[in-house]
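In Swiss-Prot this protein carries:
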type	residues	note
BINDING	ASP14, SER15, TYR46, SER47, ASN79, THR80, THR190, HIS191	substrate binding site
ACT_SITE	CYS78	active site, proton donor/acceptor
ACT_SITE	CYS189	active site, proton donor/acceptor
Amino acid sequence: MNKKEKRPTVLFFDSGVGGFSVYREAKKLLPNWRYLYCFDNAGFPYSEREEESIIHRTLAACQLINQRYPLDAIVIACNTASTVVLPPLRAAFDIPIIGTVPAIKPASEITKTKHIGLLATKGTVKRHYIDELIDKFAQDCIVERLGTTKLVEIAEQKIRGHSVDLISLKDELSPWAGMADLDTLVLGCTHFPLIKDEIQLCLPQVKYFMDPSAAIAKRIKYLLDDKNLQVQNEKYNQMFCTAHFPEESQFKKALHLWGFESLEVIKID
């Protein structure tokens with residue numbers, strides 16, 4: 001690779017590995033870019049944390065990584081964090097900061113029955129900005145909200161090589177099981193596309209699953225293509241976490257399947 005070649009470096013940040021759903025779409029669209037991924041497992045799950053804590057931890061991690069690997073963009077691949085951290089991040093960095101917003105607008109456009117389900121974390125479904133999105137784009141729809149931490153944990157376990165507990169999943173989704181005309185589901189947490197097939201088994205009436213990951217990848221491309229980028233000599237993608245964890249050795253062995261070369265623990269507390 002020519003040292004003068006401009007190869008964008010993009011950081012994906014989440015409290016867990018849900019952001020993989022966004023990262024994989026970006027890598028599919030832009031395979032030759034350099035990707036860093038940081039998951040704040042010491043602070044997981046963000047849906048259970050106060051806003052100030054989420055802001056502090058996100059800023060600390062992004063600033064630490066940026067000092068070592070100058071970044072061209074940061075993707076907050078977490079719906080919960082995106083509701084609170086984007087303004088302070090944009091104040092701290094002069095690079096594109098891209099958030100994740102539940103796809104309520106496209107869901108309202110594709111639904112045939114005007115009955116939509118928003119599946120997200122407990123923190124996200126309570127945010128005022130969800131009310132604003134529904135008022136702006138889906139006033140003519142019935143929008144069910146289901147906040148869950150259990151599905152986040154199930155997705156985390158799947159990424160780490162465990163089979164999905166369909167009984168627990170079905171139980172968590174049971175409030176919607178009898179809604180025969182619920183035809184559209186907004187996957188309002190980046191973890192949920194990772195278990196979309198299993199969710200579909202539990203809710204067979206749903207025909208449309210709205211995942212913003214591909215749109216985010218296109219947004220990254222639009223913002224960084226032909227821009228003044230950092231010149232990077234490193235050729236590999238790297239992952240960071242904020243604490244050691246029990247299955248770390250097995251997790252490291254599977255990194256190459258996702259296109260990463262190494263996992264490093266960083267301290268942000």
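Glycine residues also receive a Cβ, built from the backbone N, Cα and C atoms like all the rest.
When the alpha carbons of ASP14 (substrate binding site) and CYS78 (active site, proton donor/acceptor) are compared, the span between them is 5 angstrom. Within 10 Å of the C-beta of ASP14 (substrate binding site) there are 30 other C-beta atoms, taking all protein chains into account. Compute the center of the Cβ atoms of ASP14, SER15, TYR46, SER47, ASN79, THR80, THR190, HIS191, which mark the site for substrate; besides them, the chain residues with Cβ within 8 Å of that center are GLY16, GLY18, GLY19, PRO45, CYS78, ALA81, THR121, THR124, VAL152, CYS189. Around the Cβ of CYS78 (active site, proton donor/acceptor), a 10 Å sphere holds 31 further Cβ atoms from the protein chains shown. As a whole number, the greatest separation of Cα atoms within the substrate-binding residue list ASP14, SER15, TYR46, SER47, ASN79, THR80, THR190, HIS191 is 13 Å. Note on HIS191 (substrate binding site): other Cβ atoms within 10 Å of its Cβ, all shown chains, come to 30.
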